[in-house]
Amino acid sequence: MIITIFGPPGSGKGTQSSLLIAKYNFKLVSVGDLLRNIISSESKLGKGIKDTVESGNLIQDEVICKLLCDQLALIDGDFLLDGFPRNLNQAHFLTQVLQKRCNRDVDLVIELQLDDNIAIDRLKDRLTCLDCKSIYSISSFKNTTCAKCKSTRLEKRIDDANMLAINKRIREYHSQIEGLREYYKDKLLTINANLSVDRVMQEIESKISCNLI
């Protein structure tokens, strides 16, 4: 099975993806993680991507699609795509790549729907472990080490540090989502991401189970 999960910034894509791959034994392809790894390499490409991300702009489709294509070449079997596609052009690209590689397409699409004000509050309060990608709330997590992997490398993500960039990312998401909904309308599962992590996971599991019967 091939599942993709998308939603606005702060909707919990990474958190829910981690829970899903643990439960269903999927492999994970996270576009966000791929980009952050390149940024941390401090290569010429990484510096260019960092500047784009800090300004709240989206990475060019050709860069994203090339990264994804390289990653998919390493994966067999069931997998989950976190944060891709982000627009209709990327959706068409994904269909073409999957059909060419394995004569398949995406089976299920999970859309996490989140109110803008909640998204902004979450992003302003988000703290990320750079090593295991665990996410914490700055206002409630007072430790200096990650509870999961004990790393001390806890930081705000560069794309969460600027309110103008946050608002721009949210606006950009809304400008693209209708095209994706229409493209995947027969495979789309809509989830209320305003709820707690556990409640969101329960809703996703329930809807996935119905589609597996």
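The backbone N, Cα and C atoms fix where each Cβ goes, and this holds for glycine too.
Note that the coordinates shown come from a computational prediction; the quantities given were computed from them, not determined experimentally.
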Legend entry - Given Swiss-Prot lists Arg36, Asn57, Leu58, Ile59, Gly83, Phe84, Pro85, Arg86, Gln90, Arg169 for AMP, the same-site residue among Arg157, Arg181: Arg157
Inset, instruction - Measure from the Cβ of Gly12 (ATP binding site) and count the other Cβ atoms within 10 Å, all protein chains considered. - result: 22
Legend entry - For the region 'NMP' (30-59), sequence-distant contacts whose Cβ falls under 8 Å of one of its Cβ atoms, 6 or more beyond its ends: 13-14, 17, 67-68, 71, 81-84, 86-87, 130, 133, 157-159, 161-162, 164-169, 172
Inset, instruction - Using DSSP, break the region 'NMP' (30-59) down into helix, strand and coil residues and give each count. - result: 21 helix, 1 strand, 8 coil
Inset, instruction - Around the Cβ of Cys146 (Zn(2+) binding site), how many other Cβ atoms lie within 10 Å? Please give the count over every shown protein chain. - result: 21
